[in-house]
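Colleague: Please read through the structure below; I'll follow up with questions.
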Amino acid sequence: MSETKAPSNFIRQIIDRDLAEGKNDGRVVTRFPPEPNGYLHIGHAKSICLNFGIAESYNGNCNLRFDDTNPEKEEEEYIQSIERDVQWLGFQWSGDVRFASNYFDRLYELAVGLIKKGLAYVDSLSPEQIAEYRGNFTTPGKDSPYRGRSVEENLALFEKMRAGELDEGEAVLRARIDMQSPNLTLRDPILYRIRKKVHHQTGDKWVIYPMYDFTHPLSDAIEGVTHSLCTLEFEEHRPFYDWVVANTDVEAAPRQYEFARLNLNYTVTSKRKLKQLVDEGHVQSWDDPRMPTISGLRRRGYTPASIRTFCESVGVSRADSVVDMGMLEAAIRDDLNQHAPRAMCVLNPLKVVIENWPEDHEESLTAPVHPQNEAMGTRQVPMTREVYIDREDFREEANKKFKRLVLGDRVRLRYGYVVRATDVVKDADGDIVEVRCSYDPETLGKNPENDEGQGKLRGVIHWVSASKALPCEVRQYDRLFLTANPNKTGEGGSFLDNINPDSLRVLDQCLVEPGLRGVLAETRYQFEREGYFCVDPSSTDDKLVFNQTVGLRESWPRQD
Ligand code: ATP
Ligand code: MG
């Protein structure tokens, strides 16, 4: 039985049953098999958490294997980003990183073996003819005229393909299964095709490349994978997966199980679409904090724990569904609410002058790092005659519901004194540029003793010292798409039509308390009364840069 408290799911139940029946000598081996053609996204995180999570709880192994059967698309940058993302999520693959291309020699031998058994043949139809002969759901397939080639002829032609003597598109190797099968993937699927391309792992050694559907089950078998977990779109391919394993001379018989993809609303989880967003400049990079990529979420301020918790809470099933973005945000909010140190940052500064505070007087006020967790200690916040508050926190007039500073009324400066607004200074346009206040020296850590005649304290607001605060830039993000399902478009439209043109808002006049000098990238804070923020990698001592991770409360309506 599973050893950790990870919630059960139908795959864990299958594994429990297999173990109870003594299958696979009690071994549990899984793999995560990304194609290195983009950065990983939140959907991949679900697959990673499932595969590595199962290996962890059953004392098994999980391999990281790059599915690099397509020599044209893969790139080193993607390989490195994928390794980094898996490790950042807190997982470690078993042994070395693997590549499907590691097995090209073996795969070639196994293909030759299929030819010798009469189970594979070289087809010389053009790619268009092959597609036409395959038929579709309503039209049965038609045998290729080359289907009856002899074993000798097939061996010789396959060798010619390998030796580069045939051109791209001139021939393919196909399995000989059943052109009448109701399952289209069994209509003599292609095993090898000619691609005269340099491969990033194998260089120019090969000019023929095995197809994914042939490579995948064999790579699983060669690695001794016991449970090959993939998304539902591969269900149709399972009979071929089993056919390959059954008809080749391999050491193990892995089984494939499918689960539903993770879909999130207001975003897209397709590497192809994410790549388009990057390539066409709709976002700045793969790790743009608006991207649902693991690296984007990381830069946005998500923690590995929050992503793991989220993946656990969406569960693993065979029912397709769209998960609300609010659920992902709730996971990081819960995590940061518990663990993020607090700080004060004023996003839209308005100067406040405390007239009865002596000119050069400075006090160091003590504030908790986390109000609910004493163990996190305290911080010092300097108080001076001039401070900044947020423009939103002041009004000349307001009703009682406005729990902030109003002319004539009092608020507490958080962790500090009670102040009363006595006057405002306006510019030529009539905009308020300064608030004049007085403070009550008796109110540090104490509520004013005599409220009578003074009016009620309206509330507590955050602030920073004007002379001591650090300038910073704060980037606030909105949904990247305006519609819950960006893939749904009008006639001839594209998902790009649904992009939110205002998904990034840069506030570059912000001021943060001086204790944050020298903060490292990826440090996360709760800016009190504002939300959760994370130091961007571009941040420097001269100009701190923060990304807003998420607000303090859910601000988006839930999906019905
Ligand atoms: P994309 O459509 O984004 O390119 P993919 O399935 O082609 O995704 P792969 O690199 O082939 O991407 O995926 C590696 C593994 O991650 C596969 O096992 C795949 O099933 C799984 N995976 C991909 N997307 C999701 C998703 N949205 N939810 C769960 N698992 C996913
Ligand atoms: Mg793919």
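Note that Cβ sites are derived from N, Cα and C of the backbone, with glycine treated the same way.
Okay, so TrEMBL annotates it like this:
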type	residues	note
BINDING	Glu35, Pro36, Asn37, His41, Ile42, Gly43, His44, Ala45, Lys46, Ser47, Thr231, Arg261, Leu262	ATP binding site
BINDING	Asp67, Tyr212	L-glutamine binding site
DOMAIN	28-337	domain 'Glutamyl/glutaminyl-tRNA synthetase class Ib catalytic'
DOMAIN	340-440	domain 'Glutamyl/glutaminyl-tRNA synthetase class Ib anti-codon binding'
DOMAIN	460-536	domain 'tRNA synthetases class I (E and Q) anti-codon binding'
MOTIF	34-44	motif ''HIGH' region'
MOTIF	268-272	motif ''KMSKS' region'
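Tell me about the surroundings of these features in the structure.
Modeller: In three-state terms derived from DSSP, Leu262 (ATP binding site) belongs to an extended strand segment. Its Cβ placed at the centre, Leu262 (ATP binding site) has 26 other Cβ atoms within 10 Å.
Proximity of Tyr212 (L-glutamine binding site) to non-local residues of its own chain (separation of 6 or more, Cβ distance below 8 Å) is seen for Asp67, Thr69, Asn70, given in sequence order. According to DSSP, Tyr212 (L-glutamine binding site) sits within a helical segment.
As a summary of secondary structure, the domain 'Glutamyl/glutaminyl-tRNA synthetase class Ib anti-codon binding' (340-440) carries 6 helix, 53 strand, 42 coil according to DSSP.
Counted with DSSP, the domain 'tRNA synthetases class I (E and Q) anti-codon binding' (460-536) comes out as 7 helix, 32 strand, 38 coil.
The list of residues near the motif ''HIGH' region' (34-44) in space but at least 6 beyond its ends in sequence, with Cβ under 8 angstroms from a Cβ of it, reads 66-68, 70, 73-75, 78-79, 81-82, 85-86, 261-264, 269, 271-272, 274-275, 286-287, 291-297, 307, 328.
Beyond its flanks by at least six residues, the motif ''KMSKS' region' (268-272) meets 35, 37-39, 41-43, 261-262, 292, 481, 486-487, 495 of its own chain at Cβ-Cβ distances under 8 Å.
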Colleague: Validating a neighbour-count step here. Other CB atoms within 10 A of the CB of Glu35 (ATP binding site): how many?
Modeller: 17
Colleague: Looking at the binding-site residues Asn37, Ile42, His44, Thr231, Leu262, which have a C-beta within less than 6 Å of some atom in ligand 2?
Modeller: none
Colleague: Kindly report the helix/strand/coil residue split of the motif ''HIGH' region' (34-44) according to DSSP, in that order.
Modeller: 3 helix, 1 strand, 7 coil
Colleague: Listed binding-site residues: Asn37, Lys46, Thr231, Leu262. Which have a CB under 6 angstroms from an atom of ligand 1?
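Modeller: Cβ < 6 Å from ligand 1, in sequence order: Lys46, Thr231, Leu262.
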Colleague: Which residue among the binding-site residues Asn37, Ile42, His44 has the fewest other Cβ atoms within 10 Å of its Cβ, if you could check?
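Modeller: Across Asn37, Ile42, His44, these binding-site residues, the one with fewest Cβ atoms within 10 Å is Asn37.
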Colleague: Widest Cα span across the ATP binders Glu35, Pro36, Asn37, His41, Ile42, Gly43, His44, Ala45, Lys46, Ser47, Thr231, Arg261, Leu262, in Å?
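Modeller: Farthest-apart Cα atoms in Glu35, Pro36, Asn37, His41, Ile42, Gly43, His44, Ala45, Lys46, Ser47, Thr231, Arg261, Leu262 are separated by 19 Å.
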Colleague: Based on DSSP, tally up the residues of the motif ''KMSKS' region' (268-272) by helix, strand and coil.
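Modeller: For that range the per-state counts are 2 helix, 0 strand, 3 coil.
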Colleague: Could you tell me the mean pLDDT over the domain 'Glutamyl/glutaminyl-tRNA synthetase class Ib anti-codon binding' (340-440), as a whole number?
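Modeller: Across the residues of the domain 'Glutamyl/glutaminyl-tRNA synthetase class Ib anti-codon binding' (340-440) the model's pLDDT averages 97 on the 0 to 100 scale.
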